[in-house]
Amino acid sequence: MLNGLTRVSTSSELESILDIVQSSGEIAVVFTSPSIGDLETITSETQRRQLRIAGIPRGGYTILPAIPLYDDELLQMCERYTSANEYEKAEMRNSLYMREYPLFTYSIRHQRALFHPADYVSRILQFCSYYVQAPDADVLPLQDKSPFLHISPIKEICKHLRLIARGTPVAPDDSESPVPEQLRLHAESDAEKLAAERATAMSIATSSGGASETEQPSLFSGVAPSALFQKGAVEEVDKDAEDTMEDLTGEETVDAVHSFQAEYLTLDGFELVTKASIYYDREGEGQRVVAVYIPGGVPEDTCRAAAAVLEPAATKKNLRAPTNGGLPPDTGIVGYYDYLTNPTQHKCRETEYSRRNWGLLAQSEPLLKHLDKLYSQLAPMHHHLQRVAIPSQYQLCGTVFSTITVNRNFRTAVHTDKGDFRSGLGVLSVINGEFEGCHLAIKRLKKAFQLKVGDVLLFDTSLEHGNTEVVNPEIHWQRTSVVCYLRTGLMSSVCEMERRKHLNRLILLQLLNTEVRNTTVNINGADSSLPPLFVPTRLASHLAPVQLAALGFIVERTEKQSGCVVAMTMGLGKTLVALTLCFSQLHLAPQADILILTPKPIISHWVDEKNKWGMHGLHFPHFVASDGLNSLEFEQQLLEYERQRNNEKPKLGHIFVINGEYLAGFLRRFKRFTPLLMIVDEGHRVAAKGNKLTESLDRLRCNLRIVLSGTPLQNDASELYRLVGWVNKGVSRVLPPKRFQELANDINQFVEGDDGAFYNAVMAQEYIQDWMRGFVFREMENDLPPLHDYLLICGSSDVQREYEEKLGLTETAMTALKATEHRPHHLSTHPACYLAFISDSYQSMVSGWTVRAQSNTSRPRVSQLEEIDTMRLEQYVQLVENEQLDAFIDLSGKMRVLVDIVLRVQARKEKLIIFSLYVGSQDLIHRTLTALRVCTFTVRGRDSQDRRRRAMQEFSENKDLIVLVLSTKIAAYGLDFTAANHVVLFDSWWNPQVDAQAIARAYRRNQRKPVTVYRLISATENKFVLRSQTRKIALFKCILHERTSRQALPDELEDCAANEKDEERRIFWAKLKTTSLAGDSRALLNVYRYQESVRESE
């Protein structure tokens, strides 16, 4: 092993020298020679191994190991180390051995490391500390002695920190600036300057022919910077539009006023509070903090210094006249705001005043820091949740505040503040003025808080509040107050995608003119305040903007040890988002384990996605997936993992993809299993009350919990509350379950048709949306082709009507029939299906084996058919055997409509999926279509994963295979059938999200055609299912789509057959409406657009 600086004779071979440097961590000096090679040979081989090269001593070159840290990490470490005392330095050196070094693992590759990367980092820190503090006389000789001063970024970091230590200002425009711009790249101007400087530097290096240092390996391999991201994922800046539109948007509605006439409060009926106190919204269970009063909380001189720069922000250019008696008050917004409803190029950005006065606003930092400290001390859980939620780039002076509202001489009428983070509190303080009165009164508490200069009030801004009267208003009075808070709109998917596009643009500018360097790229690398997010470079261009935004949202929460819910509509690629997250986590912590919990039918989908994207660099050496069967391969993988846990082999990170049923057994086998990250697919299952799965998961010590679900809200709003509470336990401490249920009840009351509940529903809806934004990434929209979704109300044949009357299919009777399992859906499918079902057995029309009709000994069942029923069943079988198919089909309205839809799709040379919940219906459909010579394939819930995979492949590749018949509740999950652009829901389930999952098998990413959905509704059981569905859809829209919605009344639904815009469909509807069933009733009674079954309120 080499010691210190080793001279290598010219007879040594270059390969052996580089092997020694790479494995031992020592440095070596080489000279060009026939046996070593020329400069080009030395530099190219050094670069290939990711080693570093410095142009000293004179005539020779020094080879150094790869630096095992990223540039920004090294800069931060050197900053802390050079300013630390000796004890703190020793602590830092010790801590170096406790962290991961993914760059080191990659650079060593197949070599066996004979040193710890912490040793090398420690040497760099020690040298940097010496350089920063060295006398001027000692600095110049170091240039010829230390190779560290010849390689980036060490040389730039050392010179930069020395300038700071000496009090010398760093000129960013100086071409000799010691710190590379990429270390502090944040603004567009910085990025553009970097690109120009880098191009100039390369030109100079080429012309000089010197080699002070070989270029570091690039951030990625085989991908040009221009091809790194897909079109639409990078910010496009239109300077002309920005100049004309940015300053038109300083106005935004920030208050919710609840009446047309402003209501002003007086002290009458309010208790004046003058002493420090904390208030709750109720006594006993379910209470929550709503106000904390701190008189004299901030020194007056701190307040007045901040007032000098904040007061000019308060102008009459605002939309707050309704809370000021009809006249615009003097008020303004400082910091960041979400201009979601304005025609701006940037929806989330600095306010106009902030953009023009950032330099002056530094004088308000002591005030903000003081308020932030009070907040963390007196409402620690609210403060913690707000710190978790706030995006780092929107933090004002490192606090949990993104925004400040400045009010001057403004006595507000009663209002609530819109868009504030509801798991946090607003922080109000008076910072200047001479006045009497004008207390802040909160109606619900019946308290008025005296606020003089320096007094502070933390309070729930969703409660109605306003100022009391000013004493002696005829005397000139002055009062300036500020409210500091977090705007939840800054965490919307719109803002997340906008921010992601901006970061992508900076990354491209940062990588401009660089050489190929690595197979991964840190797509958060343009902003050092963000946690790293590593993505395979060949994969990045396949990630849609919404997927990149979701990844950014997740890693910001995991960095703060919080989980989150990813609520992306089906088909937007949640699985790829999750796998990319796993890649980044394992890149940073290669020995960590990750647990992915998913329903059994979807496990193969995860494996397929892993294999598919592995071709684009998404590699996982230890990806263990099983449905719980003790297969040989799975057992071998578990044994290998066991050996690593027992230290028999080096520990490597594993990803386990398992189903909930196997989880308990897995945890029994691997006690003290502690995953770094836990992902729950179709995570709405976690929200069920008394869920054993949740109990098992809660036993795992893992704070980083990610829930994936396109349908996080299935039946009621409390499910969303339990989901968010599961990913972040602190939520229930600031919003108790009882309070959330009250909000949910307000929404439910309106959804179910009580128009008088509209006002309360809107308030509750806004509160829940503002509460969940910090923990739920929502993207319910998509850029897919059009979706045409229809409700087809099918008629009944005379035989069906006869049995309907016999069964008494009223709504009351429907409930009774459900209890005894006489399912009217069999009758709506076909009389033959119904008669076979009640006889307790029928011959499967696909496989030829007898099915016991899902029999259950605990269920009463008619065991014998009446004679007429037996004759009819035999007659129906004869119709099929004699190929009198039209007569057989015309016995059912739904079957007649279905067959005509299938024949239309076949004539158009397109493909169709038919979903049904019931085996009897699936069999009957399959046999009927097969008899009609329509090529059909059926996939049921009991079918193996291999059969499903073959069905997918066959359906995609075989142009003759027109129809797939699938089980709705099982086969709908985890399958991709985008070859079809027509979907029939032959029957519907009480939970509309089950149907939504089914539709998403065809209506998802990679679908290139418009998709038409046909929901077949009979006059028997389905109308009650529909009523349940529309209520839940209205609730879903209220909470996740931010649209106040309710069920449509029967007389509000309009038959769209006659006014259908598509001529071919209009003709088709008309044909079905004139088609007669047995008994002369119409096959199709009405056609409605499904989206109109739920009405949105303005």
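Counting begins at 1 with the first residue displayed.
Cβ coordinates come from backbone N, Cα and C, glycine included.
Predicted, not measured: the structure shown is a model, and the values here were computed from it.
Now, the feature entries from Swiss-Prot:
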- 1-540: region 'Thymine dioxygenase' (REGION)
- H415, D417, H465: Fe cation binding site (BINDING)
- R479: 2-oxoglutarate binding site (BINDING)
- 541-1098: region 'DNA Helicase' (REGION)
- 555-730: domain 'Helicase ATP-binding' (DOMAIN)
- M568, T569, M570, G571, L572, G573, K574, T575: ATP binding site (BINDING)
- 681-684: motif 'DEAH box' (MOTIF)
- 897-1057: domain 'Helicase C-terminal' (DOMAIN)
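T575 (ATP binding site) has D417 as its nearest neighbour among the binding-site residues H415, D417, H465, R479, going by CA to CA distance. The least crowded of the binding-site residues H415, H465, R479, K574, judged by other CB atoms within 10 A of its own CB, is H415. When the binding-site residues H415, H465, R479 are ranked by how far their Cα is from the Cα of L572 (ATP binding site), H415 comes first. Summarising the environment of G573 (ATP binding site), the number of other Cβ atoms within 10 Å of its Cβ, over all protein chains shown, is 20. Using Cα positions, the member of the binding-site residues H415, D417, H465, R479 nearest to G573 (ATP binding site) is identified as D417. Taking the C-alpha atom of M568 (ATP binding site) as reference, the shortest distance to any of the binding-site residues H415, D417, R479 belongs to D417. DSSP states for the motif 'DEAH box' (681-684), grouped as helix (H, G, I), strand (E, B) and coil, give 2 helix, 0 strand, 2 coil. In the three-state DSSP scheme, T569 (ATP binding site) is classed as coil. Cα distances from M570 (ATP binding site) to the binding-site residues H415, D417, H465, R479 are smallest for D417.
The average pLDDT the prediction assigns to the domain 'Helicase ATP-binding' (555-730) is 86. The ATP site is set by M568, T569, M570, G571, L572, G573, K574, T575; from the centre of their CB atoms, other residues of the chain with a CB within 8 Å are G710, A1000, R1004, R1005. The secondary structure of R479 (2-oxoglutarate binding site), as reduced to three states from DSSP, is extended strand. Counted within 10 Å of its Cβ, the other Cβ atoms near L572 (ATP binding site) come to 23, all protein chains included.
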